[in-house]
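The active site feature in Swiss-Prot is assigned to Lys33, Asp154; the stated evidence is sequence analysis. Residues annotated as ATP binding site in Swiss-Prot: Pro115, Leu116, Ala117, Ser118, Gly119, Leu120, Gly121, Gly122, Gly123, Ser124, Ser125.
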Amino acid sequence: MPPECGGPPMPLDPLTLRPLAPSETATYLAPAKVNLGLSVRGLRTDGYHELHSVMVPLVVGDELEIAAADTLTLRVEGAALPTDERNLVYRAARAYLDAAGVSGGATITLRKRLPLASGLGGGSSDAATTLMALARLFPAPVNLPALALTLGADVPFFLLGQAALAQGIGDVLTPLPVPQVPLVLVNPGVEVSARDAYAWLDEEEAFTPPLDVEGLLAALTAQHELPTFNALQGPVAARHAPIQAALAALSSAGLRSPLMSGSGATCFALAASDAQAHAAAQALQAQHPAWWVVATRTL
C-alpha cells in the first residue's frame, strides 16, 4: 500500500487503506505488467478474442498524484498526451466521480515513466489506480470491477494487485501464487497498436492452445526455462525487426525465457538474481543507448 504523504509511491491496496482527508495529497505507483504467457484461443462471436494469459504486476510503473479539488483537472508529465476525455485517466476519474455522486472533483498529475503502446498495460494500470485512489478519497458503494471493465479489458486485472490467470477477454481473473522474480525489460523504441497485433494474428489464423500454467509456475520457482509462448509475438515481430533484435539481445545477455509482453513492443527476460538483472540492464543500455532498458521485479 502507498505510504502517507511524502514517501515514495507504492502500489495501491484499497482494502487496507484508511480514507484520505480532503486536504491530503497522495502519490501512487500504477504498476506495469508483463504477460508470462499469452495464448489467443480464437475469435469470439462478439468480435473479441478468447484469451488465456498469465499476467504479473511489476514494481516499476507510472506515477499518479491525486488530491481533492472543486473540479476535475488532469496534468501529464513525461509524455505528450491529452488531458481531457481522450485520456483514459480522465475518463476513469469522471466515471468514478459520477458513479459516486461526488459534486466536486480532483486534481490529478500523471507522470509517465513507461513507454507508450508498449505491451506493459500502462494506460490500463493508470486507470485502475485512478479508480482506487478516488475510492480512497471519496468512499462510496461503487462496484469498482464493473466500472473498470467499462474502461478496458485489462483494467480489472490492475484492481486485483497480484499475478493472475486471465481468461475470457482478460476479465475472468484467477489469482496465482507467483514468486518474486527479477527480470529485465527492453523496449526498442517501437510503438505497436494492440488492434494491429490482433489483426495480424487473425490474418494468419495463428490461434494457440492454452498455456501450461502449472508447468509455468513450477519453472518459475525452480528458475528453469519457462514452458510458455506469446501468440502475438510471431505476427508482431515479423513486422518489427527491432523486436527481434531486443529478444536476441536479452538472450545474449545470459537471461532466460525472453518473451514479448502483450502486443509489444516491450520484451523481457528473467534473471537469477537482482544483481544479474541490474548488470544485464546496464550492459544492454550501453550497447543500445536508444532503447528503454529497466531492471525490475515482479510484485
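Backbone N, Cα and C atoms are what each Cβ position is placed from, and that goes for glycine too.
Positions of Swiss-Prot features highlighted on the structure.
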residue: Lys33; record: active site; Cβ neighbours (10 Å): 27
residue: Pro115; record: ATP binding site; Cβ neighbours (10 Å): 22
residue: Ala117; record: ATP binding site; Cβ neighbours (10 Å): 19
residue: Gly119; record: ATP binding site; Cβ neighbours (10 Å): 30
residue: Gly121; record: ATP binding site; Cβ neighbours (10 Å): 29
residue: Gly123; record: ATP binding site; Cβ neighbours (10 Å): 25
residue: Ser125; record: ATP binding site; Cβ neighbours (10 Å): 28
residue: Asp154; record: active site; Cβ neighbours (10 Å): 24
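Separating the Cα atoms of Gly123 (ATP binding site) and Asp154 (active site) is a whole-number distance of 9 Å.
Residues Ala32, Leu114, Gly262, Thr266 surround the recorded ATP site, their Cβ atoms falling within 8 Å of the Cβ centroid of Pro115, Leu116, Ala117, Ser118, Gly119, Leu120, Gly121, Gly122, Gly123, Ser124, Ser125, which are themselves excluded. Look at Ser125 (ATP binding site): DSSP puts it in a helix. Take the Cα of Lys33 (active site) and measure to each of the recorded positions Ala117, Gly119, Gly121, Ser125, Asp154: the nearest one is Gly121.
For the pair formed by Gly121 (ATP binding site) and Asp154 (active site), distance between Cα atoms is given as 7 Å, rounded to the nearest Å.
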